[in-house]
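Participant: Quick paste from TrEMBL:
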- 1-469: domain 'UvrD-like helicase ATP-binding' (DOMAIN)
- 22, 23, 24, 25, 26, 27, 28, 29: ATP binding site (BINDING)
- 497-807: domain 'UvrD-like helicase C-terminal' (DOMAIN)
C-alpha cells in the first residue's frame, strides 16, 4: 500500500522532536519500522537508537519486523550498502529495542557502581512484593505504636480505624499513597508539598482553591442545569389548562433562580452568603394526582409524568451540588480543613518512614521490583557524566505507545534526550492504562505545544483508518464528535483526532449496519448484571435469564442466526467475500466477571468459544480444593477450608456426616469437633445410624492420618515436595484428569506446582507465607495467572477483555454488557488521590462521630471523576476501533422508560451543535448510556423513537438533532425478557405459577391459599395423554431387539419386561441385549483373542475379498489377512487364527458360495439400513400410533433369477453332535427376520434367508 503524505513526513522528517498522533488502524507500526529502515539505509547503525515499546511482545515484534525488512532490502542493494545492512543483522540482537523496564535493567547492569548498588539482585513479582510490603509495614506500625509521646500517630490511627477497631484502613492508605508517590520522578518533593493544598486562612472564597477549582465546577454544573431546565420547558405541550401553565411557570422560576445563583458565585460574595443562596433553592410540589390535569389523553399523561420525573432529577442535582460544597459553615470548614491537613502531614511522615524501611529491606534481600528499576535508572541518567555519554550514544530516541507513558518513564527519556532527537508515536484516544499510572496529559500537552510558533517541535497526525470499512469509521466519528473533548476526554476529537476512512477496498454490497441490541427485563433489579450462582443456574439445563444472562442469550442467538444465514464478510487477505466463520467473531468485555456465564451458556448453545486470559485460575475446582487443603495443613482450625476438604472428592463426606461430627461438639471450631468425634466411644454413637457412623469414622481416620503426614512433610520438606506428595497420596492429579476437561485441570495443578517452585526462589519460606502469597494473587485480578494453556479450537469465537484486545483487529465485534456501570472505586473512600489534583482526605470528628468533607476532597473527587470518565471514553474508543466490518453493541435496561430517560439527556444540546455538554455527559454511567445519548441525536433515530412509541408506548421527544458529516447506517433492536425466553432454543420458562412470596407484607386469604393449592394439585396430578411415548426410546439397534423377532408369539410383550433397561419410573425405556461390551482395559489384558474379535475379523475379510477372479484360494485369503494386519485393521494376533480353509471351501463347494462367485459384480455386501417399526411390536400396553427407528447392517444379499438370497455369516462354535441349524436358528432367526423385513421395505420380494456357519462352511436356509 502506498504511503500517505503524513506517513511519509513521519518517516522522513529529521532535526526536530516529533509527536505522531496515530489514530487506530493508521499504520503507526509500519511508519516506525520504515523510519528506522530509512535511517539504516542512510548509514546509521541500529545500536545507535533507543527504541522503547510498551510490552515485551511489541519489542519482539519490532525486532522481527525490522529483521525481516532488512533481509528483504538486502536483495535490492549491492556494494557497501549491502555490507552495512549485513552488519545491522548482527547488531539487531543487541539493539536497544525493549520496554522501559528492560532498558532500565541494562542501565543498572552497566552503571550500578554509580548508585552504589549490588548488581547481584533478582526481580520480584507483585505477590512477593505485597507480602514483603505487608511485613515491613507491620514492623513500622508496631514501632510507632510502641513509641512514647507519639500522639500525632495515634491520632492518625484513630482517623483510619474501622468499625472493628483495627487499622487495616490505615495500612491501605499508606500503601495507596506509597504507590502514587513511587510512580513519580519527584517522589520526595511531591510528598513534601502534599499538605500545602490544605493551607487555610479562614477565607475560602478568596483562596486559590476556590478560584481555580471550586468556582469553575460550580459554574459548569449550574450552567448545565440551566440548559436542562430550558430543554424541559421546551418539552411542555401547548395547553390552555391553568395547571399546565402553572407548571410551566414553576420551571421558569426555578431556572431563573439558578441563574441568580450563578451571578452571585461570580460576584464571589462571602461563604455564608453563598451557603444561604444555595440552600434557599425551593420548589413547589406538583400535585401527585395532577389537579386540573385529569382527563388527559394517555400520551399527554405519560409526557407530563416524564417531565415531572426529570424535574425531580434536576432538584436532586441542585441539592447534591449544595451538599457537595456548602454543607459546612465557617467553623466546620476550619475543623475539616485543619484536621485533614494535620492528618495528611502525619500520613506522609509514616509513609516516608515505611518507604525508607522498605527500601532498606529490599537492599538487604537483594530483591527489587520493576518500579525500583525505573527509579534506579533515573538516578543513573541524572548524573551529568553518564547522561552526557548516553546522549552522545543515541542518535535518536523512539517511543512507541507514547500515550501509555508514566511521568517517571518520561523523566528517564528526557534525561537522555538531546534538544531535537525524540520521536514519539501513539494515540491519546487509546490511553487506557491509568491504573498503571500512565499519564495521557503528557501526550495532550505536547499535542498543543508541538507545531506552535513557540517551538520547532512538530506534530504529525495520521488520521486515516485503513482497518475498518467506512461505515464503522463514520459511526465512530459520529459518536466521539459529541463525547470527547479537551476538558472531558483530554483531546478535542473534531480538531485533532477525527478518523478518516482510508479503507476504500471494501465492496459496496457488504452489510453496513452498526447494530445496537437492547434487552429489556422489567422483572430484574438494577444489580442484575452481577454474576451470582442464582444467575448461573444449570438445573434442568436452563438458565435464569436476567440482565446479564439475557444479553448473552440474545448475543448467542444473533451469532447462530448469522451462521445459519451464511452472513458474508470480506476476506482482506484473499480479497474476496466469503461466509462468516466463528473465528471471525470476537466478543469484547470490560471485565472478566461475566466470562463463566458466557462459557456455560455458549456450551448449551453449541457455540465454540476460546477465552483469552480467562483469569479464573484460582476459582477452578481443582486448584481451590488444593488451596483449601494447604490452608488446613498450615492451620486446621479454619472451618471453611476444613469443611471444603472433607466434602471434596478427596474425602467425600456427606452433609449428614458433617452434622454427625458437629453434634459431638456444638461449640468451638470444626476441627475440635473432628478430633472429639474421632475419640468417641461406640456407646456414645450407638443412637446414630451405624452405617453412617462407620463410613464417617473411616473417612476421618484416613483424613487425620493424611493430615499428620502432610504436616510432617510441610515442616521437613520443600513446598513443592509437599504438593507433589499430596497429588500422589490422594490421587488428586489422576482424579481430575478423569473429569471433563481433565487435561486442562491437570495443567492447572501442574501450574500450581510451578508457582510453588517460583515462590521457593523468594526470600519467604513456609506454608503460611505461601498461602498468604496466593491470597495476594487472588485479591489482585491482574495477578491471576489464568488457566494453564489448553488446546484451542481453530474455528472458535474469541472472548477477551477490551484491554487485552488493544492492538488487534477482528472482522466482527460483539461488545457485551455495555450497560455495565463504570468502575468508580478510585473515587470513593476516606483517602482519594489524583496525580495532578493531589490528595483528598475526609476528616473524622471522633467525639461526634462525624465525617467532614473539606472542599479539597471534593476538588480531588471532581478531578478523579473527569479523568475516570475520560479513561472510560478511551476504553470505548479502543473497543469500537477493533472492528473491521461489523459492530454489535449489546446492553440491557430495566424498561424502555429507563432507556429513554438516559438517552434523552442529550436533547438539551443545541441542535446541530456537535458537543454534548460536560454536565450531561457525566450523567452517562455506562458505555451504552453515552452511545445512546449520541446516536439518539441522529436524524434517522426518529425511526427508533417511533418503534418505542408503537411497540412499548414510550415517547422519545427528539428536539436536538446533529447531522453526521458523512452518512452511515445503524439500527437499534429491542427484545424483552418474555420474548427472549419464548424464542430460546436451549432455555425455557416454567409454566407452573409460583405461590406469591410471603415476605410482601400481606397475608394471603384462605380463598387465595385454597386456589393456589388447587392450582398446584392440578400441576402435580396432571397426566400427559401420551405418557407411553415419553417412556420409550425412539431408536433401537438390531442387536438390541433381535430376540423380539425370533418368534412372532413373543411380540405380545411377555419378554419385554426382561429386556428393558429401567433407569427409573419416569425415565425412558429401551430394549437391550443381555450381553454388555467388555471394557477396553479388560480387552487389552486378554492374551487370547475373543470370539467376538475373531468374528469381526472374519466379516471384514469376507467383505474385502475379491470374487471377480473366481473362488478365492487359501493363499489369497491369507495374503488378504496379512494386508489387513499391516493396515492395522485386524489385530496381529488373529492373523493365523481365522478359518481360511473353511472360507475357501465355502466358495468352492456350497451352492450359495458358488452363486456369490458367479454373480460377483451383483453381490451387495455390508448393506446398512434404517427402518421404522410399529412401537406396539416392541412395548407392552403401547396403543399410540408411534414408531421406533431401527438401524443395522446386513452381511449381504444377491439377486438369483427372480429371488433375493439374503445371507449372514456366523463364526459360532458348533460342537460335534449338536444340531447346528437348530442352534443358529434359535440364536439368529430374529435378526435375519429383521433383515428380510428391511429388504421388503426396500422393495425386494421373494426373499430366501441363509445362515453361513463359517467354521464348518455349512449353509442353513431358514
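In case you wondered, yes, glycine gets a Cβ from its N, Cα and C as well.
Any TrEMBL annotation is an automated prediction that lacks curation.
Describe the structural surroundings of these features, if you would.
Facilitator: Within the model, the domain 'UvrD-like helicase ATP-binding' (1-469) carries an average pLDDT of 89.
Taking a C-beta cut-off of under 8 Å and a sequence gap of six or more, residue 22 (ATP binding site) has these contacts in its own chain: 28, 31, 425, 426, 427, 462. Residue 22 (ATP binding site) falls within a strand segment according to DSSP.
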Participant: I'd like the number of other C-beta atoms within 10 A of the C-beta of residue 29 (ATP binding site), please.
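Facilitator: There are 17 of them.
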Participant: Taking the Cβ of residue 23 (ATP binding site) as reference, which residues of that chain separated by at least 6 in sequence fall under 8 Å from it?
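Facilitator: Long-range Cβ contacts: 427, 429, 461, 462, 463, 464, 465, 497, 499, 500.
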Participant: Compile a sequence-ordered list of residues in the same chain as residue 25 (ATP binding site), six or more apart from it, whose Cβ lies below 8 A from its Cβ; state 'none' when nothing qualifies.
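Facilitator: The list for residue 25 (ATP binding site) reads 464, 465, 466, 467, 468, 502, 503, 809, 881, given in order along the sequence.
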Participant: If you draw a 10 Å sphere around the Cβ of residue 26 (ATP binding site), how many other Cβ atoms fall inside it, taking every protein chain shown into account?
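Facilitator: Taking every protein chain into account, the count is 27.
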Participant: Long-range same-chain neighbours of residue 24 (ATP binding site), Cβ under 8 Å, sequence gap at least 6?
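Facilitator: Expected: 427, 429, 430, 465, 467, 499, 877, 878, 881.
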Participant: List the other residues in this chain whose Cβ sits within 8 Å of the Cβ centroid of the ATP site residues 22, 23, 24, 25, 26, 27, 28, 29, in sequence order.
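Facilitator: So the extra residues in range turn out to be 31, 427, 462, 465, 466.
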